[in-house]
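Participant: One structure is given below, represented as structure tokens, and several questions about it will come after.
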């Protein structure tokens, strides 16, 4: 039966992974369809008005029309963020935290995905310099978290009895699959999505997950492709449009025999572009960090309306800048003849027509076009295609101005209260920078062989790499988006150089935002010098614990006065108390043994016990029992100090009949605690909620038993202890927690190196790691907080001071 059960479980998992992919693709389709609809509507109205007003001289009216559209859209996007504040920004930092094991409140709720998808549609249509790719990743992750649960807080009425996947680990696996599907849908890059989930997201990865995540990404890509091809070209099932962002095909024209996409000589330029991209990215991150800090101090504490006003201010500035730049600063450039003959493939012709149809001729005579308006008065995807594939040149002045405006405005925009991605603005900035380099090389150095599109792509990669600092996933995403495997080497080299250059100055933009929120994110590994610390240096020695059989009043008081998520289950080792007070366990070096058979083991133990300075440990006593004769009393160290180092006051009122008392003797304060297991707060609350207990007159066998399904019924939102109605429970009743605790959690010895502790914690996805000495006494506990970089640094400084 169990084998069949396991197979069914696996089959359900595959079905759900497919469903997550399809739903993520549909979310992408929804966003794309409406963005396209609104932007077309907006540009048609404004363009016709500009063309009329050019003759009549009423351009201010056109500007007002554009402002009307943009401000309305941005206002709607801001309102949606007021409903669900987590929907602001790109959502990648939040998902990164979630996959790292930190629960950000509300980050994977249904309401979040509705506000996010609808909000990003309005903020992109509203002409802000934001992309829809980052939010796609967040949306995919929410779909991944919500779909396998078959329930939602926002739709409480809908309840399915679906017993699978009621644990954080399963949920996290599905969120990784959803995030990967989001990348795959955004860029048409299933492999890139899988690698993104691996590189940026998941802390805890298992082999079986890789295949499922790739399957999920494929499902998302092809769902989106199928529907977009059908809706746009009417050819259902032809799969012509892979992702939301498509770079088109890079190809030299047939007539030009000298043209190559790139040559070995170009690699030198690419490396230099990587360095510049890294520097620009570091500058972008530095400015954005200062802005974010300013917002945290001055905008966020104020009423929520102020955030909406800030979004509207950004929108107003962006619209006016774009309009004025297009009208005043653009240059008229010669149009290039269409370079493709009629027998080319459909998609190539299509891209070329797309590039030529999106040219804007504002104020320019026939056969010429306004290069600035062509970049600004188009959807961002068209502008990227222009920079990658337009044969006609953009003047260096236009490119420089465009880059500067885009750089400053997108830096200001990232962080306001609208859903906003960062990929597309960064790609556009970088593409303009790359195009500029190509122009300068062609016109001033006379390198005719270079292909401008390649330089634009490498510029885009360099700048994006400098901002987000992703390596392997970004390389694959860009290769898949261009459909050109020969670009693998240049993109990879450029991204590596950009990352190294940027890392010299600051972190990637997502890490910066994670840090600003104060989230305890665990890195991939600790620094080498941290190995000077042991588990005993970083653990929390002040424990709150429960006994295997505890009175209800004690449990309630513990749960109400602490916020810990797990409690060690202990019994007191009373036999050791008297000796502990005398100091017998501070084993002196001159111990004589009567029996020779245990000499060697005792010797080993003695060496260990000397290295455990602050742990008066009972290992030798327990092992050798009466065979130890203490010759002379140990050195008179300050015993009280030693005990304080060992453990602070245990939780008062744990003894059923003892009220917390200040006059506890030393013996009562420092009892050695034998460790039996860990019990979670959620389990204790469930037990109290269901009234699982027995009275003193009965035996613990009479306590009702709950099954695993009943214990996890309220997942993922267990009731709060303050909301429970406990009036029906007699506070003198006793709860036996032993059937529900985890009797064999991962534990470490006080002597364990910090790097080992860290690796165990991170790879196994733990939240609590008890520190247990050689005789099974719990001496402390390690949580995520004790392993953050800042905490370890502080402890290392203390360690150096005490040496």
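Using the three backbone atoms N, Cα and C, a Cβ is placed for every residue, glycine included.
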Participant: Which residue range, 210-236, 345-371, 426-452, 453-479, is the one TrEMBL calls transmembrane segment?
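Facilitator: When 210-236, 345-371, 426-452, 453-479 are checked in TrEMBL, transmembrane segment belongs to 453-479.
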Participant: To what whole number does the mean pLDDT across the domain 'CBS' (741-802) round?
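Facilitator: On average, pLDDT over the domain 'CBS' (741-802) sits at 87.
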Participant: Restricting to CB pairs under 8 Å, which listed stretch, 59-83, 261-285, 397-416, 453-479, is in contact most with the transmembrane segment (305-329)?
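Facilitator: That would be 59-83.
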Participant: Mind checking which residues reach the transmembrane segment (174-197)? Cβ under 8 Å, same chain, six or more beyond either end.
Facilitator: 16-17, 20-21, 24-25, 27-28, 95, 98-99, 108, 132-133, 136-145, 147-148, 165, 205, 209-210, 212-214, 216-221, 223-225, 241-246, 423, 470, 472-474, 476-481
Participant: Quick test of the contact rule: Cβ under 8 Å, at least six residues beyond the ends. What residues does that give for the transmembrane segment (453-479)?
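Facilitator: Same-chain contacts beyond the flanks: 183, 187, 189, 191-193, 195-196, 198-200, 247, 250, 261-262, 266, 269-270, 273-274, 276-282, 284-285, 384, 387-389, 422-423, 426-438, 441, 485, 487-488, 490-492, 494-499, 501-503, 507-511.
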